[in-house]
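**Student:** Got these off Swiss-Prot a minute ago, pasting:
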TOPO_DOM  1-25  topological domain 'Extracellular'
CARBOHYD  N5  N-linked glycosylation site
TRANSMEM  26-46  transmembrane segment
TOPO_DOM  47-54  topological domain 'Cytoplasmic'
TRANSMEM  55-75  transmembrane segment
TOPO_DOM  76-99  topological domain 'Extracellular'
DISULFID  C97-C188  disulfide bond
TRANSMEM  100-120  transmembrane segment
TOPO_DOM  121-139  topological domain 'Cytoplasmic'
TRANSMEM  140-160  transmembrane segment
TOPO_DOM  161-196  topological domain 'Extracellular'
TRANSMEM  197-216  transmembrane segment
TOPO_DOM  217-236  topological domain 'Cytoplasmic'
TRANSMEM  237-257  transmembrane segment
TOPO_DOM  258-270  topological domain 'Extracellular'
TRANSMEM  271-291  transmembrane segment
TOPO_DOM  292-310  topological domain 'Cytoplasmic'
Amino acid sequence: MAGNNFTEVTVFILSGFANHPELQVSLFLMFLFIYLFTVLGNLGLITLIRMDSQLHTPMYFFLSNLAFIDIFYSSTVTPKALVNFQSNRRSISFVGCFVQMYFFVGLVCCECFLLGSMAYNRYIAICNPLLYSVVMSQKVSNWLGVMPYVIGFTSSLISVWVISSLAFCDSSINHFFCDTTALLALSCVDTFGTEMVSFVLAGFTLLSSLLIITVTYIIIISAILRIQSAAGRQKAFSTCASHLMAVTIFYGSLIFTYLQPDNTSSLTQAQVASVFYTIVIPMLNPLIYSLRNKDVKNALLRVIHRKLFP
């Protein structure tokens, strides 16, 4: 991949946050706590959905996929960051760097389109409830669950291929993981074409999935406003409030970080935003989708009751 490099780079140094040695212990503890909470919270949600038959619906099928993605896209970055906080080397191999980038970018893209699938599911449930079981069949649900992975990892493969083909003059990545913008800054050659490819792919992923979600919610909100009773409107809105909150947080942080082709944001801002969507959002998702969800709470009570009183 690096055959055209002026200097053969075999190892990168992840120097993000290295200029704040007084924060290394605090950052290590914060990352560790959030990562453990993320893994346990999302694994718990997946396990609960599998154990309770009343949650075997398309909505919770998508939610278990979201939890799976959150575990693994956090795991592509956080464990290596934890090691680096306790190490003086902070190194990652050339291949390891692009493998990390491939899975991270791919899983983030997967989450974008999976959130779109979840929005479509809410649209059918609210706007066409009588046809829900017909429209959201097992085949359709599986298709809506698989396609985000296909699109996400295809997009990621293209992005990683064009960036890994660049010539790199430096091996010090000013970030805590192999981020696309930080790697582009190390190139010896003109990166305009590569930046445009990355920008178009990011724009397609973010804007196309966000367009699907936006149009879907315009229709949903219009349908909710036509409901006569206040109680009915409240019940309908409560079924999609958690998803809408998760979408707002996730897309807001991604757009702030990546949809800036002129690279006007500082690297410090990018790192702070990256911390948020890399480790914080995967932790928040199980809380957002479970604390306000009566079905999940009731399922947890049923599982506990079965275990205590078999």
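In case you wondered, yes, glycine gets a Cβ from its N, Cα and C as well.
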**Student:** List every residue in the same chain as C97 (disulfide bond), at least 6 positions away in sequence, whose Cβ is under 8 Å from its Cβ.
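**Tutor:** The answer is F12, I173, C178, L183.
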**Student:** Taking the transmembrane segment (197-216) as reference, which of 26-46, 55-75, 100-120, 237-257, 271-291 has the most Cβ pairs under 8 angstroms?
**Tutor:** 100-120
**Student:** Give the mean pLDDT for the topological domain 'Cytoplasmic' (121-139) on the 0 to 100 scale.
**Tutor:** 93
**Student:** Using a Cβ-Cβ cut-off of under 8 Å, list the residues of the same chain that are 6+ residues beyond the ends of the transmembrane segment (140-160) and lie near it.
**Tutor:** 58, 61-62, 65, 98, 101-103, 105-114, 116-117, 120-121, 180, 197-198, 201, 204-205
**Student:** On the DSSP side of things, how many residues of the topological domain 'Cytoplasmic' (292-310) fall into helix, strand and coil, could you say?
**Tutor:** 15 helix, 0 strand, 4 coil
**Student:** What's the number of neighbouring CB atoms sitting within 10 A of the CB on C188 (disulfide bond)?
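**Tutor:** Total other Cβ atoms inside 10 Å, all chains included: 14.
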**Student:** With DSSP as the reference, give the number of residues of the topological domain 'Cytoplasmic' (121-139) in helix, strand and coil.
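**Tutor:** Summed by class, the stretch gives 16 helix, 0 strand, 3 coil.
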**Student:** Please indicate, using numbers and ranges, the residues of the same chain that are 6 or more beyond the topological domain 'Cytoplasmic' (47-54) and have a C-beta under 8 Å from a C-beta there.
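**Tutor:** Apart from its flanks, the topological domain 'Cytoplasmic' (47-54) reaches 60-61, 63-64, 295-296, 298-300, 302-303.
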**Student:** Test of understanding: applying the rule of at least three C-beta pairs under 8 Å (pairs 6 or more apart in sequence), is the transmembrane segment (26-46) touching the transmembrane segment (237-257)?
**Tutor:** no
